[in-house]
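Here the structure is laid out as structure tokens; the discussion comes afterwards.
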Amino acid sequence: MPHSDELDAGNVLAVENLNIAFMQDQQKIAAVRNLSFSLQRGETLAIVGESGSGKSVTALALMRLLEQAGGLVQCDKMLLQRRSREVIELSEQNAAQMRHVRGADMAMIFQEPMTSLNPVFTVGEQIAESIRLHQNASREEAMVEAKRMLDQVRIPEAQTILSRYPHQLSGGMRQRVMIAMALSCRPAVLIADEPTTALDVTIQAQILQLIKVLQKEMSMGVIFITHDMGVVAEIADRVLVMYQGEAVETGTVEQIFHAPQHPYTRALLAAVPQLGAMKGLDYPRRFPLISLEHPAKQAPPIEQKTVVDGEPVLRVRNLVTRFPLRSGLLNRVTREVHAVEKVSFDLWPGETLSLVGESGSGKSTTGRALLRLVESQGGEIIFNGQRIDTLSPGKLQALRRDIQFIFQDPYASLDPRQTIGDSIIEPLRVHGLLPGKDAAARVAWLLERVGLLPEHAWRYPHEFSGGQRQRICIARALALNPKVIIADEAVSALDVSIRGQIINLLLDLQRDFGIAYLFISHDMAVVERISHRVAVMYLGQIVEIGPRRAVFENPQHPYTRKLLAAVPVAEPSRQRPQRVLLSDDLPSNIHLRGEEVAAVSLQCVGPGHYVAQPQSEYAFMRR
């Protein structure tokens, strides 16, 4: 039955009275209630809200992916205009018909690329499969198009990436592959569920620009789900604000930002970290927290100095970490990924040193190398006056009491078969620090310290939200009273309010226990808020390092300026200068085996502020 008359002119999607529920303990739990919206051709609708507000399940309902997961979906109308201009009722399509709709007419970019990509197929095969299915292309034509899409999403060495498997790529690289796959068939509607959360600011800016270009070329409608209000201001035409499963406010992006009506919308905007908000301040400052009663209430600032004078707790000198690449009939090592090249820095007790840079710049590898989670090929790592890069495995285990790691994905770093109490107790058992009764009391204290309840110790990881799981990982890292915590993108996937709570918790713990943080992040607004010093990494080397205030208020290196210029601004009407993005020819950190990369030479430009010298910088960036 044709539905053309039911869809208003210009609309590509229309939803009326969408209700979504799930069964839990024989009770129906409502996830979305009476949601209605429309999407015009060529328009971007941003759906914003905190975790659990119903954003993602709405997207899954549109793709008809909820029913097989036990979701109960009811809707008066769910109309889609296909690329052929045929209008269909999505709720009436059977499974076979939806397979032709997904990918060709509606595509979705998921938040977690590792769970969305098939681990047994190469990246090229997975992108080509969609192209062959929906465009009737040959295998050769599909692979050529797959490489073109990888080039479009700014993946260097695209031809090499085609033959790699998902686990061989970084998180940011996998997300770009997902985006390339979704855009490869040029759908009528693109649903993007937190597509740039795991990406650094420059790649995020380029992806947003790419989506805009393709949207204009094809008059594609885009539903953009995000918690980043800077991205909303950057890309959205209209905004739909969701809270506890309901739409509480909708309007143009200018109306939402300049005249928000609902208390939750005002609270959400008040909690957005603004780049430049720390201007003139020397020390870290707490985030404001979302409050419906007091939307603009500011959390108490931290202005006291937490850095302890004396010797650094951690010294790194000329650290080198490379990964071999094999090729040829004999599978010999012919090339190497120069992940970290002659990196040096100090970390003082009570200090937060942030490592920033693009995906693939060597930030995470540097953090992992400090704990010997990856082997280094050169350099020195000195902790409390003792070299740890040459320690035996037995002595290294004892050292790990003092240096702990918080990983980006809390769900992947917690054993799903263990209660969270057992996960927190495990480090205490491994190091033989506390007997069972004392360990249980320690777990209860740690859970309370990170804002959870002692009775939560008996629950499993899947019973917690993302923010709660990250708190559990922090509690586990604190169990051994470490002197240093390495936090690798610990808050990048969390929404605004949860992120603020976690950052405030880290600052409180630093104040109380004098912990030193190596904070690895691509979120420049968060880095500005939490850091004492900042080190900027580019292709495995530090090109600028100094006090946070100096680096943010007076950036000297062109790469640092590019990172700051790429940060989205949560102000839709602000006239921003044209962004300075990286050149189209992205340098590669893959070199022939035995080839040495010229090390940058840093010169002092201010108190504690060092920048790569122009001549070595030029040679390095051109290699």
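Glycine is treated like the rest: Cβ placed from N, Cα and C.
SER361 (ATP binding site) is surrounded by 25 other CB atoms, counting those within 10 A of its CB over all protein chains shown. The DSSP secondary structure for SER361 (ATP binding site) is coil. If you look up Swiss-Prot, you'll see 49-56, 357-364 marked as ATP binding site, on the strength of sequence analysis.
Look at Swiss-Prot and you will find 15-269 tagged as domain 'ABC transporter 1'. In the predicted model, the domain 'ABC transporter 1' (15-269) shows an average pLDDT of 88.
Taken from Swiss-Prot, the feature domain 'ABC transporter 2' covers 314-564.
The binding-site residues considered are LYS55, LYS363; of these, LYS55 has the fewest other C-beta atoms within 10 angstroms of its C-beta.
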